[in-house]
Amino acid sequence: MAKFLLLNGPNLNLLGTREPQIYGSQTLAQICDTLREQAKAHGHVLEDFQSNAEHELVERVHRASREGIDFILINPGAFTHTSIALRDALLGVAIPFIEVHLSNVHAREPFRHKSYLSDVARGVIMGLGPKGYALALDAAIHLTQKN
């Protein structure tokens, strides 16, 4: 049994109401419920955590190492483009991770084109809406079974 951690950054708690033309109509709770069921169907466990505070996400990454988390799925939200601290935390715990974005950040404003995580992520999935989370979990399951 593998243990997965889904991390969501700032403003993702507003999913379902925030700019649905960009982010879709599903709530974060619905996405998390779907992923927990998907993990369970494969005999695994998925925990989720969302915060608008950078330090809380960093602390959750640190705790993941002590808890034996095998793989992290992360939608860092706006911290994608700003957070060296989150990058350093992920590198520090050496847990493989996939970066997920609901929208295609490269089709949006230029300031969203830079990611501090993509070059150290195991993979990046973007622009596929909530389905991107499910695809990321499928990939993480495959990669943990392979190792």
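Along the chain as shown, the residues are counted starting at 1.
Quick reminder: no glycine exception, Cβ is built from N, Cα and C everywhere.
Under the heading active site, proton acceptor, Swiss-Prot lists TYR23.
HIS101 (active site, proton donor) falls within a strand segment according to DSSP. Sequence annotations record features per position, and here Swiss-Prot assigns active site, proton donor to HIS101 based on sequence analysis.
Secondary structure at HIS81 (substrate binding site), taken from DSSP and collapsed to helix, strand or coil, is helix. Swiss-Prot lists ASN75, HIS81, ASP88, LEU102, SER103, ARG112 with the feature substrate binding site.
In sequence order, ASN11 are the residues near ARG18 (site 'Transition state stabilizer'), counting only same-chain partners six or more apart with C-beta under 8 A. Swiss-Prot lists ARG18 with the feature site 'Transition state stabilizer', giving sequence analysis as the kind of evidence.
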Candidate with sparsest Cβ neighbourhood (10 Å radius) among ASN75, SER103, the listed binding-site residues: SER103
Largest tally of Cβ atoms lying within 10 Å of a Cβ, found at which of the recorded positions HIS81, HIS101, ARG112: HIS101
Coarse DSSP state, helix versus strand versus coil, of ARG112 (substrate binding site): helix
